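**Student:** So TrEMBL lists these for the protein:
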- Arg94, Glu184, Leu231, Glu232, Gln233, Met234, Glu235, Glu356, Pro357, Ser358, Ala359, Gly360: substrate binding site (BINDING)
- 216-218, 226-231, 301-302, 360-363: ATP binding site (BINDING)
- 3-391: domain 'Aminoacyl-transfer RNA synthetases class-II family profile' (DOMAIN)
Amino acid sequence: MEELVSLCKRRGFIFQGSEIYGGLQGFYDYGPLGVELKNNIKAAWWRTNVYERDDMEGLDASIIMHRQVLRHSGHEATFSDPMVDNKKNNKRYRLDHLVKDQKADVIAKVAEAMGQSAENFPAVVAALNANPAQASQALRDAGVRDPFSGEVGEWTEPKPFNMMFKTTIGPVADDESYGYLRPETAQGIFTNFKNVVDSTSRRLPFGIAQIGKAFRNEITPRNFIFRVRELEQMEIEFFCTPGTDEEWHEHWLERRLSWWEAQGVPRSKIEILDVPKEDLAHYSKRTYDLMYDYPTLGHEEIEGIANRSDYDLGSHTKNQSELGLVARVEENLDSIAKLTIPHPETNKPVVPFVIEPSAGVDRAMLAVLSEAFTKETLENGNERIVLKLRPHLAPIKVAVIPLARNKAELVDLARSIKNDLQKLGLGRILLEDSGNIGKAYRRHDEVGTPYCVTVDFDTVGKGEDASLTDTVTIRDRDTLAQERVKISELSAYLQAKLR
Ligand code: ATP
């Protein structure tokens, strides 16, 4: 992981946010190559889930939302993590992270004090949350250490900490004029359900897909871009007739695993966690968490696929009591819309069930990079670092390299080849005229460029072999094989390889 983080900075994938002012924890900036990789991941997701299906619509809702949305969604009341303070240094920690980071014997003591087995960590956390006074005592008795100071802490009782960012809207800051930065993109889909149905005439089953930023004031952002405060999500809300939800849940589990595979994240590295009933979020009938085996971190959630029943539309609709909702929802006297759709068989208005595959773009990027990161020893004994990204994800598809940067003839031809290739719409093509071919190859291995095209003296008829005039060398990133190809055939060659 450390090597990957350093490569990301060195080569311009990911930088610490606000770095020149000391950095801001939990915020990252995506650099010249990071933005390309991120865009390619999002495009691949959109292609598979929107363009290649006949039952999906897209959406791009606003980030700042009316407080009523996040109130009725349940986020104001429940979108919180338990936190504890260390009275000795006023440091604050997310309770489960704090305990998880202790040595095994300390975790065992905490678990025992709470009457739980250390094997079942979620149960230990649940017990700590449910009994704040006992929890604080257990943390002290077990000698739980402060990760910052390394000393045994003096721990307060756990308290819930709401993770939503609140912001003032308009010129007057009073009790009424605030909104929230959305903590998930999903709510924009639910609040637009009626707009999308009315404007597209969709019938059940169908889905709405959205990619966008979400914000969570994580108590302890950490592990590079794994847990950040400004994140991006790729979410689908798939609306289906009650009773068909379990089948659709399985469908989406399968579709999502196969998508990850196509991005170079194999099934064998993803554990499917069928979340135990007692750990389910309040809205969920059943949830599969896809736990990818991140280097150093181990199995952590990359995507959640939840069966949310009729909770969401049921929470945001008016006339709730007439709709025969299955989920337990809070009363809503604020909504002005009835969020129903005709039942496909009876035509009676029904509140659909929702299956939600929700993946993080940042976590996707970390997984894709982790899988691609490879160190190889070459035949000559040299080591090379190569990012074996799937070509459709590579930030730069082709680097066109003039062998000498001070020979106008070579540079001009390379530029013209670059311009022609760029028109194919394959993604970014780069003119790499740094002058040192060895360095250029090394750099493009490290950033995952699948092909390098070199323009040399033979290309322009000034080399030793006249038969090579109007040909270029193509170097394959993975096999290192070099092939001579006619310039006139270059577009077709690369199109076939990169499509
Ligand atoms: P975790 O338990 O790791 O905090 P979560 O269960 O809160 O995650 P969800 O609310 O299910 O996450 O969000 C859906 C997806 O959004 C996650 O699977 C993850 O990929 C991404 N995500 C959530 N929180 C973050 C974060 N703080 N940083 C980066 N990605 C995140």
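Glycine too: its Cβ is placed from the backbone N, Cα and C atoms.
TrEMBL does not curate its annotations; it predicts them automatically.
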**Student:** Across all protein chains in the structure, which of the binding-site residues Glu218, Glu235 has the highest Cβ count within 10 Å?
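**Tutor:** Of the binding-site residues Glu218, Glu235, the most buried by Cβ count within 10 Å is Glu235.
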**Student:** According to DSSP, which of helix, strand or coil covers Arg94 (substrate binding site)?
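**Tutor:** Assignment for Arg94 (substrate binding site) reads strand.
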**Student:** Running a distance check here. Ligand 1 versus the binding-site residues Arg216, Glu218, Gln233, Pro357, Val361, Arg363: which have CB less than 6 Å from one of its atoms?
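**Tutor:** With ligand 1 as the reference and 6 Å as the Cβ limit, the list reads Arg216, Glu218, Gln233, Arg363.
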**Student:** Within 10 Å of the Cβ of Arg227 (ATP binding site), how many other Cβ atoms are there?
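**Tutor:** Excluding its own Cβ, Arg227 (ATP binding site) sees 21 Cβ atoms within 10 Å.
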**Student:** Could you check which of the binding-site residues (Arg94, Gln233, Glu235) sits closest to Arg363 (ATP binding site), going Cα to Cα?
**Tutor:** Gln233
**Student:** Pairwise over Arg94, Glu184, Leu231, Glu232, Gln233, Met234, Glu235, Glu356, Pro357, Ser358, Ala359, Gly360, annotated as binding substrate, what's the top Cα to Cα distance to the nearest Å?
**Tutor:** 26
**Student:** Run through Arg216, Glu218, Arg227, Arg229 for me and report the binding-site residues whose CA is within 10 Å of the CA of Arg94 (substrate binding site), in sequence order.
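**Tutor:** Candidates kept after distance check: Glu218.
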**Student:** By CA-CA distance, flag whichever of Gln233, Glu235, Pro357, Ala359 among the binding-site residues is nearest to Arg216 (ATP binding site).
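**Tutor:** Minimum Cα distance from Arg216 (ATP binding site) across Gln233, Glu235, Pro357, Ala359 lands on Gln233.
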**Student:** Sequence gap of 6 or more, Cβ distance under 8 Å: name the residues on the same chain that satisfy this around Gln233 (substrate binding site), in order along the sequence.
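**Tutor:** The list for Gln233 (substrate binding site) reads Glu184, Thr185, Gln210, Ile211, Gly212, Lys213, Ala214, Ser358, Ala359, Gly360, Val361, given in order along the sequence.
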**Student:** 10 Å Cβ neighbour count around Arg363 (ATP binding site)?
**Tutor:** 24
**Student:** I'd like the Cβ neighbour count for Arg216 (ATP binding site), meaning other Cβ atoms within 10 Å of its Cβ, all protein chains included.
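**Tutor:** Result for Arg216 (ATP binding site): 21 other Cβ atoms within 10 Å.
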**Student:** What's the number of neighbouring CB atoms sitting within 10 A of the CB on Ala359 (substrate binding site)?
**Tutor:** 24
**Student:** Around Leu231 (substrate binding site), how many other CB atoms lie within 10 A of its CB?
**Tutor:** 24
